[in-house]
Amino acid sequence: MVTKTRTTKHSFLDENGRIQTYEIEEEYQEEVTIDSQSDNPLEKLQNQNENQNQNQNHNLGTFDYVRDDLTIEQINQLITQSERNTNLDPIALPNNRGENRQNEEVLKPEDDPSFVRIKIFGNEYLLFIDRLTLENLFDRDWNKKQLYSGLFLATITAFVSLIVSEYFYGTERIFFCITIATGLYSLLKSVQPDCSSPEPNVKGVSYSRSFYLTLFSILFLIINAVADSVDEDHSIELYSLTFHFDTVFNLILDSFKIIILFSPLIFLFGLFAQPLTFLMYIFEQFNIQFMGGTAAISIFSSILSVILDLIVIGIMYGIGILLIDPNTDNNTNNDDYKFYLFTGLLIFFSYFLSICPSDPKYFKKLIIRKYEALVKEDLEPEDKFDFLPIKKFLIDLLHSLILFIIYFALQFSKIFQNSDFYLAFQIIGICIGFIGHYIINQSRKSFPFMIFSDPILKSLDEDENFEPDGPARKLLFEKIYRFFILFEKFIIFPVIGLSVISQSINESIDLFGIHVTILLSIFTVIKFVRSGFNNGQEHYKILFFLLLFFRYDYKNLSEFSLINLLLVQYLIERLNEAFLKCRFLFIYNAPWTLAIASFAHVILSVLSIAHTALTAVTIFISTIFSMPLSPFIGSGWFLLTYPRPVRYWEKSYRTRRMDASNMKLSKTLSLDAGSSANLNNLNSIFYDHLYVSLRDSLYDDIKFGRLGKVNQGDVFLLSHEKLTALLHISSLGNGFCCYQLRGLEFRGTYCQEREIEEVKATADNSDENYLLPNFPLLSFKYLFFHRWRTWEVINKGLICRSYNVLMNPAEHNFEMYDSRKVLLKYYVSSAIYYLFTKTNVLSLIKNDTVIQSIFNFHDPNYVDGDILTFSQRVDEDFDLAFQGITARSFERVYGDFIRYCVEKYNSKLPENERVRYISLDEWQQLNKSNNKGNNNDNFHNLNDNNNDNNDNNNNNSKKNSNDQSDENKDSSDTDDIELEDQGTNLNQNKQDEMPIAPLVLNLCFAIAVAARRVLASASLTTNNRFRNNSFLDKYYALFKGDLRLNPKDDWIVTDISMLENVIGKAAKVSLSLFQYYFISPKEYNEPKNLFGALEDLEDLTVICAETDPEWRKGIIKEKSSLLSLRRQTEDMDEHHASYYVLQLELRHIKWTAIKINKECVRGLWSSQIQELVYLKNLNAERGSIQRCENVLRNLQNQACDIPTGYPISISPICTSYSKNTSDIFYKSFVKDFYKQDENF
């Protein structure tokens, strides 16, 4: 053996696009004999030259740079030679660098393309820049859209900044240039980390800085132009305050200059949102604050809402200019029908805008569908389209026309100009609102007024001993509450709106002029009336403060009613938000509720005490701009974050469920599907069904006050046993509401379990809550506890249609051999049932391959003694004498059921396609009467005559027809002949062909043996089959669809669908029969009962694995019953698995509804985003998510967007519509309009 060294040369392209090569030297041993050495001096000289050339090559790991001026063919030749471990011929390459490395030309920095020559102040510098350096310096544009948008925004920013720079002087201009530089550079390199980003590590073009710089600069120029056009001496006096226009405009301009100059610092603290979020926020605030609209669910819906509002404003402004007289000397506007037409249209558009949904997808689908129906003549039928939103919209449009006619006519009576009439309706509105929205709502809570321990107005649904058998029933106080709401909507709010504009139109024209008066009238009346149609639960407060403040307390400061109403509406909204923020801050920082989870919390909580004035300013600013109060890293120090819309999460996605349709086959069939991550994926389907179920009932529950007082942005926690979901009301309109559902883990962390226990303990309302025995007053302890929480129990009996989840441990049922014997019996019986219902038995027993495989099964000497498949402990048909399964023992157990299945099978077929079941006793009698010698070489023999056949069959039918129905007795006379060959006429009175084997029995015996072999080989586990875990592993693998065919049963390949349709279905159905066995053990001993149970299970129950797509379809389609087998492993011990029988029953279930302070949710979510995205705190046990029962901190943070939170299910935003609408208009018009739709 001789040790030699060989060199391998490899080539590759580096980051600069040049070919580089390197050599690897390795030693190897080779046998060399003396005879093989040559004495030829020429060969020795050649070997020496080769060794010399080899020594001149580079060492291990060195690079050989090749010139860049090579052709494609030369590069391919280079790579080919390197793959063959041959040395490159340097002479073959043009402009080579020489044979030796000493003569190699080295590129100078001046000639290397990686170096860039830069001149700065007359000096030249060489800057090394390669691909990696460029990617670290600038972001890559992945598409043309990013490139063009960045160039466009950079051009606009530079142009606008150049104009605005004229208004900055001295030091201001230097800071302004720095602001411009940060804005332009952010278009080249995104800021990491970005405090306003909703998710971490988001790379790409950052438009925020440049966008805000351009926006504020344009606004600065517009306001400056308006200020120049306004007279400096012009002023206006409101509420005894004089506002000079020049002072106001100068204040606004100075504010914009400060914002522009300090924008880099503002971005550092994350007070500016992403551009799309900011636009959605601005459009939504315009829709809510000026037009009384609903919240937006997306940027698209917010744009549509603003466009619709601008159209209405334009129409009403044009009508107002034409109809309203600007001359108020004669005071003719109040008595003119033109003015009545204008105010009537205000009511019409108020109702029309209130019925426009926030989600326009239904109208979009309708337009697309109608267009396709016109274009395509042969349009395929689509899925069922939900026309309820279209139907409701058209009906409400008719209602708006009726309202316009009514209030247009009422104005001729001049009742709206009477101040006493206006005062009377104010008082009525205050009383009805106080009774309906406060007294009734508080009386329905679980702890009314935080004083009583039981609901005053209690429904049967809240009774713990009452199980609901249907939807929630409408009680008397709910009907009274609904009457108050309708009376407010259609009478009080329109009357007050018309009275306000009728009594103050002339004063407004005198003060502001015709143009401002028209706009002020549109904004005030439409906002008040439209918001009343949408959700008028806070309007009684507006009327109360309007009456108390401007009629009694500060009567001398009062202006005309139009501007008073607009001001009070805004103040009440801001005060409500400020109250929620203060309540959240006080409860979170209270010493007896403060949850100290880290040392930083201790320090920051103490430091926040000395900054009370700063906290007050923070609350004021956050209330004005609707900005969440964010506890810094979960401590008691509250900071401002960027403003958010009502739908304050910025990621729009839906949790994708993993099942067999989108998973790898190996992953689907593996036994590790019981891990915690996979279990969360399986459990998410229950939240998907709850999300669908709420679509039918949520708005009706809000409408009848079952969720208390509900406003846009409210958050509810729905709890039932293991299910815990966070419900967010994204938008609330007239007859609809938009919501999102977020499901939490079934078995969560320690903090989650403690907070859920606190919620359940509060809802249970034990005797410790009572101040006096049998008297519903809270004790002083719980009076204090309930007030220092950011959540409260609203309803303990909220009825919702959902699935009741029962998980029964399977180990106890399968650990005994008798139980396994019952399961296998049902398994085999189910396989026989599906053999006759899912296959063509006649074609199977005619198939030569099948006949050859099952021909000898009836032989008395045939025994299937597979010790890995059959055992006397679990197989009821096991023959101890033969130590295996025989046809005789099989018929003894399953013969009656096979005969019944044959009768049912024949009853649905014509006579020429029926089959006949022949038992072994009957077969032996037939063989004695037939000539056996003539059939040794054929497949068929002849009977003596047809009468002998009929006599034997009648005897057979008498033996097994005692419990048969009359229908079975009548059909038994015609089902007595077995067809085994085509063309055989069974009704002729002549000798018939008779098979030499009972093929029906043999076929059933074969499928039963094959089914048990599939069970034995279903899993790769090598444990003993009769150990508990091994048996469950095998059965679970078979239940999931791991069907492994044994070579002995290759006859099934003739109809491979039997593997799934017969054996697979039998494995699933047998589990359901096994569950019913413990209820009534002897019920399925009769073939009739067993056959009927199998039919019912096939029609009413979905039985499959949870990863099967049919499981999800069955839940979404609301099947009444579902059954599955679940394997669950512990996180700490993956080798130990527990099995559960999962049963789902669809019914109406009582849920506990807990209302959470929405400002608490917004603040905690914004704090988590800031901590994870900006501060990069990736600690899974960080202090900001630890349990705090007073605010439910862990539950709220868990429901946040991934990766900030970890919910197992996040639904898209859905819309729930009111179901109580009349069908008169629908039947007369809508149905005719859509009559061409087949699915309507």
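Placement of Cβ uses the backbone N, Cα and C atoms for every residue, glycine included.
Automatic, uncurated: that is what TrEMBL annotation is.
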Look up transmembrane segment in TrEMBL and report which of 147-164, 1137-1154 it refers to.
147-164
Tell me which of 511-533, 994-1016 corresponds to the transmembrane segment entry in TrEMBL.
511-533
Hey, which bits of the same chain come close to the transmembrane segment (483-505), Cβ under 8 Å, at least six residues off its ends?
324, 333-334, 339, 343, 346-347, 350, 403, 407, 411, 416-417, 419, 421-422, 425-426, 428-429, 432-433, 435-436, 440, 517, 521, 524-525, 528-529, 532-533, 536, 539, 543, 560-563, 565, 703, 734
Mean of pLDDT values spanning the domain 'Pecanex C-terminal' (1000-1220):
84
Leading stretch by Cβ pairs under 8 Å, where the reference is the transmembrane segment (339-356) and the options are 258-283, 511-533, 592-610:
511-533
I need to check the long-range neighbours of the transmembrane segment (258-283): which residues 6 or more away from its ends have a CB within less than 8 Å of a CB in the stretch?
164, 168, 172, 175-176, 178-179, 182-183, 191, 195-198, 207-209, 211-213, 216-217, 220, 296, 298-299, 302-303, 305-306, 626-627, 639-645, 650, 1170, 1174
With a Cβ cut-off under 8 Å, give me the same-chain residues at least six positions beyond the ends of the transmembrane segment (511-533) that come close to it.
236, 289-293, 312-313, 316-317, 320-321, 324, 326, 343, 346-347, 349-351, 353-354, 488-489, 492-494, 496-498, 500-501, 505, 539, 542, 560, 562-563, 565-566, 569, 734
